[in-house]
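Student: What TrEMBL records for this protein is below:
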{"type": "COMPBIAS", "residues": "277-292", "note": "compositional bias 'Basic and acidic residues'"}
{"type": "DOMAIN", "residues": "1-123", "note": "domain 'Bulb-type lectin'"}
{"type": "REGION", "residues": "264-303", "note": "region 'Disordered'"}
{"type": "TRANSMEM", "residues": "108-127", "note": "transmembrane segment"}
{"type": "TRANSMEM", "residues": "147-168", "note": "transmembrane segment"}
{"type": "TRANSMEM", "residues": "198-215", "note": "transmembrane segment"}
Amino acid sequence: MSKHILTQNDSIYSNDPNNKLVTENGQFTAILQEDGNFVVYRGQDHTPQNAVFATHTHHKGTGPYRFIQQDDGNLVLYDKHRKSHWSSHTHDSGQGPYHLDFEDTGLLILKDEMVICILAVLPISMASKKSVFAKVSNLWAGHTSKIVFRVVFVILVGLFADAIMNSLNTDKQIHEMRKDNKIVDNSLYVRLFRYQRNIYLTGFTMFLYFLIYRSQSIIVELTSMETKSTVAMKQAQNNTTEVERLVKSNKQLEDELKGLRKQEKDFKAMKQQAENTTKEYERLQKELEKAQGTKSKNQKKDD
């Protein structure tokens, strides 16, 4: 959608798909005709008598001003005295009170894509980039959004194909006119330039569209892998901590086992010593009893 503004204390604006431009007070209307002629009329009656100015000399109009598309491609606004009031080139800008602006809002998709690409390469923190692409991913993730973006892509493909076809047809028409030694109308060159421009714009837009789509998919996959990697690293750290705890606990158990084995060894030594003491005690007791028995027998013999 193109927006054309022509001001002299007034504005001409366009929201009409038929390329019709109307002033706010309705005093003037402008139409981009099929032959490429841009004509401003007084009122709603689009007759040559009401034409204020036009871009082509073959439709000069009766008003005090008119546009002329010169051979060098310069679009100039002249008055009836051939004085320049405005020019599309800076080398003949004119000093009159008229100002003409052409603003193309059809490049909104391309501008948005360029903003996203610039944000992707700016030296900002990775967290900020992830936040931006996460929002883009959420925008693309919805079913309705997917349909809308696919429709937009199909429209871009259609515009690209249409621009190529029109460019080829216009170029063919120019070559045929040259071949027949006919004078080529400047409007054909203007159309050819416009179609070639649209080829570059739509082609670059589709390229960025595909680039951003793939980049967004790759970033989402990388983010998912990074999240899984972070979870795995945390699990590994937890496992390492658990292993360290088990190793420490095992070492403590080994120390306790060594202590128990030492106690068991000491217990066995004490048991062996006790057994030896008991045996020695029994041996001494037997010897004592034997000695006492021998003494009793000797006393009886003496009696």
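Placement of Cβ uses the backbone N, Cα and C atoms for every residue, glycine included.
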Student: Please list the DSSP helix, strand and coil residue counts for the compositional bias 'Basic and acidic residues' (277-292).
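Tutor: Helix, strand and coil residues of the compositional bias 'Basic and acidic residues' (277-292) number 16 helix, 0 strand, 0 coil.
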Student: Cβ under 8 Å, sequence separation of at least 6 from the ends of the compositional bias 'Basic and acidic residues' (277-292): give me the contacting residues as numbers and ranges.
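Tutor: Distant Cβ neighbours of the compositional bias 'Basic and acidic residues' (277-292): there are none.
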